[in-house]
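Visitor: Could you have a look at this structure, given as C-alpha cells, before my questions?
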Amino acid sequence: MASSKLLSQPRWFRFLPRNLSNVRLFSDLPSQLPVSEPQNSIESKSNNRFSKPSSTPSSLKEPELAKFSAIADTWWDSEGPFKPLHIMNPTRLAFIRSTLCRHFGPFEGLRIIDVGCGGGILSEPLARMGAAVTGIDAVEKNIKIARLHANLDPTTSTIEYCCTTAEKLVDEQRKFDAVVALEVIEHVADPAEFCKSLAALTVHEGATVVSTINRSMRSYATAIVAAEYLLQWLPKGTHEWSSFLTPEELTMILKRASIDVKEMAGFVYNPLTGRWSLSDDISVNFIAFGTKEN
Amino acid sequence: MCINDGIGYKNRIVARNFGSNVYRLRIPWRPFSNDAASNLSSSNAGNPTKEGEGQQYDIAIVGGGMVGLALACSLASRPLTKHLNVAIIDSNPALGRNHFIKKEDLPDPRVSTVTPATISFFKDIGAWQYVERHRHAYFDKMQVWDYTGLGYTKYNARDANKEVLGCVVENKVLLSSLLSCVQDTDLQKKIYPSRLTSMSILPNSSSLEEDSTASETVLFTHGRLAKLELEDGHSVYAKLVVGADGGKSRVRELAGFRTTGWNYSQNAIICTVEHAVENHCAWQRFLPAGPIALLPIGDKFSNIVWTMNPKESSEFKSVTEDDFLKAVNHALDYGYGPHPTSSLLGNGDIFSWFKGDITMSAHDCFEVPPKVAKLASERMVFPLSLRHASDYASKRVVLIGDAAHTVHPLAGQGVNLGFGDASTLSNIISEGIAVGTDIGEVSLLKKYEADRKPANVMMMAVLDGFQKAYSVDFGPLNILRAAAFHGAHYISPLKKSIISYASGEHRLPLFS
C-alpha cells in the first residue's frame, strides 16, 4: 500500500495493519438500497438427518449460558432487559439488508442462519423480509420462547429453531447462504474456533456477518460503565471487556477461517433522539460483512 | 412427511434429530390475505365471511376523509407497501359511490387551500390528475392587511421563485379525487360503511400451547392484532389502527390519548360568493373580531371565511342575503377602518439599508378586493378551537390529521398538516417493512411522531400567535403589527421565508 494512499485516509486508518485497509466503510457506499418486495418463501430445503454424537468441543462458556437463561422470559418485552437490543435491531437489519441484497439480490429463498438467535429478535424480521431462516441457540429456554413467539405470525412461523451449537451443525454438514452471528462472539470461549465453525457453515461465496463490541477505552466507558452501571440498560456483568475483539483481530481470525471481510460499519447511539444509526465509527459497536473465498 | 390441508396448500413437517432432542416444525399456517406472494393471489380476493366473523387486515384506517384516503393512496403508491391489505372504516355513504360531483354544481362552501407541498404530494401519489378534472383555482397573489390602515403586505409567488402560492379546491373534489385514485390502484382494500364502536388491544404475550392454531382471536389475545368492533356488527382485526377520524376522533378517545387545547371564542362563517369579474388573488383582512378571508375558487366564484365572535356569527347567519353581502363588502373595504396607505411609515425607504433584492410585489400598491355580487351557497357556521393530542402513537394505534391536531383556519394550513402526516406515516411504514418490522410496533410509530409532532406544534404555535396578536386592539401593538406588515412587504428574505414556510417546504420556520 503506497504511503500516499495511507495518508489520504482518515487518521485512525493509518495505524491499522493491512487487514483493515481493504475494507470498505459504510459511508463509502452508495446510499441507494435495492428495493426488494418481501416474499414469503415457504420452501425449506430438506435437511440431513445425521444424529452422530458430536465430539467437537463446544466453544461456549457455561456461565454465559446461565446468564442468558436466567432472563429468557423477557426477550420480547420491549421495555425489559433486552430493550437496547430491540432499539438497535432496525439499524443492524439495515446493514444486513444492504450488504446481503447487494451480494445476493432479493432475500427470497435465501437460507440464513442466525447463530445465537436468543428469542428471535433478529430471525423474525429476516423471515418477514422473505428469507428461509434457521435460528440456533445453546440455551433451551431461548429456543422455546423464540418458537412460541414466532408461531403466532404466519410469516415467521416458518423459522426453524433448534437448540444446538454451530459446531454440532458443522458436524451435520449443514450449509447456509448467509451465516449471521450478532453479539455472540464476545460470549464464546474460543473466538477463533467459533469463526472456523461459522465459515464451515457457509457455502462457497456465501456471506458471514458478525457483530460485536470493540475492545477499546471508549467501549469500556460506554458499553460497560455507562450501559451496565450508570444507565443500567444491561444487567451488570453482561459483558466482559477482556473478551471484546478489536476490528483488526476479528478480521484476522475471520481471514484465517477463509472469510474475507469486505465491509464494516459501526453503530452509534444518539442520546438526544434515543436512536441508533449506522456510521463509520467502529470504536464501540461494530458489524462486519465478509464472504467466503477458498 | 407431507400434510395437505383442506385447501390444497402443501405444508411440510420435518422431524429433526439433534442428539436426544426431537422437535417438530410448526405447520406453516395458511397465510391470510396479508400474504405478499403472488401465487396465493387467487385465495386473496377477500375470504367470504359470515356476518359477525372477523376479517384480518394489515392496516385499518378509521375515517375515510381526505387525510385517511390520502394515506391509503400513499401506501398504494409505494413498492414496499402496495401489497398491504387495508380496511377503511367510514359511515359516509359518499364513499360507496363514484363520481358524485357534477360540473354544473355550484361550489360547495367547504374548501381547502392546498399548499405547493401538498400539491406535489398529490402528484406523487397520482391523485392530482383527478383534482384537475374538476373545479380548482391556483392563485399566485395574496394581500394581507388589517383594519388599522397602518400597513399591508402583498405576496407574489414569483417573490420566492414559484409559480403558485397554493390552490383552492373544494373538499368534496379532494375527497372524490382521492377515492378515485385509490380505487384505480391495486391496493387490496375494503370499505366498511359503518362506525367504530369499540377497540381493544391486548399486551404482548407468547402462546403457551404449542399446538394452538393462529386464528385471529388467538393473535388478538396475544397482542398481535387490534380488534375493532363496528356498529353493524362486523369485527375487524388489524396489525395497525390509524385514527384519521377528525377533530372528535373516536379512535383517539378509545385509545386514551389525552389532549390539550382550548376553544377560541370565535366562530367561522363560510359561504360561496360570486363576483362580476374573475378573482385570482387571495385576500385576508384582520378585523377587530377576527380575520375575513376571500379565496378564489374559479369561474368568478370565491369562498369567504369570516371569523368573528359567536354572537355576531349567529346574527350574520340569519340576516338577509343582501344585508350579508353588504356587510361582507363593507368588511373587505372601508368597514372598521381606513385603507392602508403606504405613506405612513415611508415608501420602504427605511428598509433600503437592508441590501437585499426588493421583490416584485414590494412595488405593488394596495388594492381593494373585488366586490361581492351574489351569494352562491348557504352560510355555514363552525366553532373554532385548537386541540393537540399529547401523543400521536401507542401500541398498534396512530393518529393522523385533525384527530391529532386541530388549528385555527386563518392561514389555511389545517388539512395540509394532515396530508403531511399521511405522507410521513406511509414513509415510516415503508421503512419498517424494509427491515421486516411488525408495523404495529410502538418504536416504529414513535418515529412518525418524532417527525411530525415538532412541525405540527410549531405551526400551531405560529398560528395561535397570529390569532392572539391580531385580536387585541391596542395602540402600540397596532403599530407593531403595522411594522410587521411593512417588514414582511419590503424585506425580501423575510417574505421568501414566509412564503416557503406557508408553502409547506420547510417544517420549521426560519431554522431550516
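Every residue gets a Cβ built from N, Cα and C, even glycine.
Sharing the features that TrEMBL gives for it:
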- A:34-59: compositional bias 'Polar residues' (COMPBIAS)
- A:34-62: region 'Disordered' (REGION)
- A:R92, A:G116, A:D137, A:L182: S-adenosyl-L-methionine binding site (BINDING)
- A:E183, A:E186, A:H187: Mg(2+) binding site (BINDING)
Visitor: What does the structure give for the C-alpha distance between A:D137 (S-adenosyl-L-methionine binding site) and A:H187 (Mg(2+) binding site)? Integer Å is fine.
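Guide: Distance between the two Cα atoms comes out at 12 Å.
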Visitor: Between A:R92 (S-adenosyl-L-methionine binding site) and A:E186 (Mg(2+) binding site), what C-alpha distance do you get in Å?
Guide: 17
Visitor: If you draw a 10 Å sphere around the Cβ of A:D137 (S-adenosyl-L-methionine binding site), how many other Cβ atoms fall inside it, taking every protein chain shown into account?
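Guide: Its Cβ shell of radius 10 Å holds 27 other Cβ atoms.
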Visitor: For A:G116 (S-adenosyl-L-methionine binding site) and A:E183 (Mg(2+) binding site), what Cα-Cα distance in Å is obtained after rounding to a whole number?
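Guide: About 8 Å separates the two Cα atoms.
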Visitor: Check A:L182 (S-adenosyl-L-methionine binding site) against DSSP and tell me helix, strand or coil, would you?
Guide: strand
Visitor: Taking the recorded Mg(2+) site as A:E183, A:E186, A:H187, identify the other residues of that chain whose CB atom sits within 8 Å of the mean position of the site's CB atoms, giving them in sequence order.
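Guide: Apart from A:E183, A:E186, A:H187, the close residues are A:G116, A:V184, A:I185, A:V188, A:T212, A:I213, A:H239, A:S243.
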